[in-house]
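Peer 1: Below you will find the structure I want to go over with you.
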Amino acid sequence: RAVAGPEGPPGPPQDGAANGEVKGTPEEEKAPEPWHMVQTLPAEILDNSPSKKDGVPWEQEYKFRVWGCELVQEAGVLLRLPQVVMATGQNLLQRFFYRRSLKRFDAFTVAMGCLFLSCKVEEKPKRLREILFVFHHISQVRRGEPITPLELGAQTYMQWKSELIKMERHVLKELGFSFYNIMDHPHKFILYYIKVLDGSSALAQRAWSYVNDSLRTDLCLRHGAAVIACAAIYMAARVLRVPLPRSPPWWELFSAQLRDVAAICDAILALYEMEKTPWMEPLSEANVFKRGSKAWDEPTEAEGGPAGGSTSTSPVKPPPEEQRRGGGGEAAAPAGNGSRREEKPPGSDRPPAPQGQGRGGGGGGNAEG
């Protein structure tokens with residue numbers, strides 16, 4: 001029991017004292033969230049990426065980032081995904097390269113993993129083989145190679161599948177397994193802001209296009225989604241010569257500053273001055289998707305591959321049950337030959353159907369589309 005001292009009776013217990021709680025230091029109580037768990041990243045992180053620490057010039061890193069986001073967008077269109085899925089995938093790619101270097105992870109593999117993961121985040125899941133078929137098709141088109149389908153179950157398919165699964169785990173680990181509190185896209189602000197400003201559908205469409213282009217850069221990590229939406233509307237209004245209120249400035253209604261709007265506009269305009277690059281080789285030496293690796297090189301006859309260098313493997317043998325159902329008996333050998341051979345099942349002389357076109361083929365049509 002508390003006993004009164006010379007200074008008077010004891011006061012009420014302090015916070016948590018009655019329950020035996022120990023308060024932490026002010027530094028612990030005010031500790032910020034991990035920087036990869038917030039929507040916009042601090043300046044010291046944006047200015048010191050892991051690739052920069054590994055000696056990669058910012059100009060080259062910027063091109064890889066833009067190129068990787070283009071892969072996500074292109075694959076999403078072929079897979080007929082909604083724009084929010086591509087936006088989430090591009091955001092994940094930009095965040096990942098502020099955690100890991102291009103020297104260790106190439107943009108092609110990261111783009112595959114981020115799109116595969118964003119389909120799950122936005123509840124628009126796609127089969128793993130659909131992602132592989134589409135990215136395999138994109139790689140052939142961008143590299144100028146003959147278009148050949150990726151055979152389900154072949155060696156190349158299994159290598160690509162393994163890389164995709166590992167990359168998905170890397171992205172999950174580096175970004176803390178939490179995405180819903182960091183994803184905030186500017187698309188949801190566009191139509192609302194246009195309606196408040198009494199804008200036309202043409203203005204909304206042009207602003208929407210600028211927002212999609214901004215996803216190729218790391219603007220989503222430097223500015224808030226609402227500010228990016230204001231910048232897209234500002235650019236669209238200037239191009240279409242649509243007058244908007246200037247006294248007071250309309251962007252202040254949406255808590256945006258003119259200097260931020262101007263910086264975003266400059267970053268988007270810089271994209272249109274870049275030279276288009278169909279294919280960019282990975283910076284890492286030991287990489288599955290680099291020219292000269294086994295995943296790209298076609299096996300030769302000396303290595304056990306089929307003649308002509310085809311990447312497809314030999315047809316899979318039917319299980320014993322099918323062999324027994326396919327005829328089971330033995331036919332007489334030609335005259336002069338004492339050996340006997342198995343009778344072929346009906347229709348076995350027909351060529352096997354391509355993978356992905358029959359039942360359960362999944363993404364074969366998407367890959368060709």
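Keep in mind that glycine also has a Cβ here, set from the backbone N, Cα and C atoms.
Any TrEMBL annotation is an automated prediction that lacks curation.
Sharing the features that TrEMBL gives for it:
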- 24-33: compositional bias 'Basic and acidic residues' (COMPBIAS)
- 357-369: compositional bias 'Gly residues' (COMPBIAS)
- 70-173: domain 'Cyclin-like' (DOMAIN)
- 188-273: domain 'Cyclin-like' (DOMAIN)
- 1-36: region 'Disordered' (REGION)
- 295-369: region 'Disordered' (REGION)
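Help me picture where these features are in the structure shown.
Peer 2: Here the domain 'Cyclin-like' (70-173) is broken down by DSSP into helix, strand and coil counts: 73 helix, 0 strand, 31 coil.
Averaged over the domain 'Cyclin-like' (188-273), the predicted model has a pLDDT of 94.
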Peer 1: Please count the residues of the domain 'Cyclin-like' (188-273) that DSSP assigns to helix (H, G, I), strand (E, B) and coil.
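Peer 2: DSSP classes over the domain 'Cyclin-like' (188-273) add up to 62 helix, 2 strand, 22 coil.
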